[in-house]
Amino acid sequence: MPSIFLIAILLAAGVTGLTLHTHRCSTNTQVAGTYVNGSVSMNDNPWIHFDAPMTQGFNLTNGEDWSFEGASTDGESGMGFTFSRGTVAGHTLAQRMFFAVVWPNGTRFMESTFADYSTINICRGLIKGTWYNGTSGMNWTFETSEDYSRTVVKVQSATVQGTFTLHARSPAVYPNGLIYPHPHGDNLFAPYLYWVENVPVGVAAANLTIRGTPFVLKGIGGRERNWNSFAWAQVSARWDMFRAKIGPYTLMVWTFESKVDGQTYFSGVLMEEMNVLFRTRTQQVSTTKNYGSFSLQNNGMVRLSSETNSATPLPKSRHTGYLLEMVAPTTGERWRFEVDYTKCVYWFPAGPSARLGGFVGAIKGGLVGGPQHSGRASGTAMEKD
């Protein structure tokens, strides 16, 4: 009998335009530079597997991402990389790989490379993505179990070789905190912006060689999906997002200001093992419903910044971390967490008046009145002038 995950894929296949084969696999290939005229449907079906293609092709504005993060246990090194299709960073109809790391000594590496085509294969028990360039020989792949429990990324290119693995320590969730698959899962986070967390938090390990230099990381990480009707720069004004492992908890939070309607959107999910303890989509104080409180902190030692040898350094980030509270009025529970940046992974312009960064962080806190813990966080921040 097919698993519930395979059933979900098959139910949604017509929406995504996947071609089903008799051997129970589907293949979706996108070639750089190819597009359709007019509008493109964005998938909002809660049953579709989070790693499946989420658009019915690409026009000149839409795109989709598979994004990954990793942070070392000591907070001194980190990484982020994204498999992208469609319009991204000023490139239309692209098949792009973004990759960035920071070593413990502060040295950074960042590059964007482009594939000729990308392919997503979905079979029973396994989903595989491939971004390939026949001229340069670049070959990035990810393979994941259909229950998201294990992911393996392999890379072979002129600059980077090696592997990244991620073992889930939290359930796959929608922005409203429901666990996949769920009929009420809502993947629309903000206007024209869709988001799901395949692995909010997991155990991460990287064993890479970057231009001949080893990069080894052991710690936490995570991965997510985004698919947008328009480019990031058109839908995003600013945001702050992080994932963390602390004591018995894992958590994921994102506060996002939309450039479309000027509103701020919020999601906060607190988990223990594979269970959701707390979830909310609001920062509105209530006496009956869960809510969160998220504020920027400015008392830490590390800011997001350009590399020290940059010829044209950007302004440093105005904040150094976050204060997060999660409040459950019906039970009287309140969790409080403080995050401080410990390392900047990257920091670059995101349009004429904004900057985008990745970070590793230290987190402390827990249930107010209960045991307090310390742990590790990683995330991204978009800051506007």
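Cβ coordinates are placed from backbone N, Cα and C, and glycine is handled just like the others.
Unlike curated entries, TrEMBL annotations are predicted automatically.
Database features, via TrEMBL:
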| type | residues | note |
| --- | --- | --- |
| DOMAIN | 31-227 | domain 'Diels-Alderase N-terminal' |
| DOMAIN | 231-379 | domain 'Diels-Alderase C-terminal' |
| SIGNAL | 1-17 | signal peptide |
DSSP composition of the domain 'Diels-Alderase C-terminal' (231-379), residue counts helix/strand/coil, works out to 4 helix, 90 strand, 55 coil
Taking the domain 'Diels-Alderase C-terminal' (231-379) alone, what is its mean pLDDT?
98
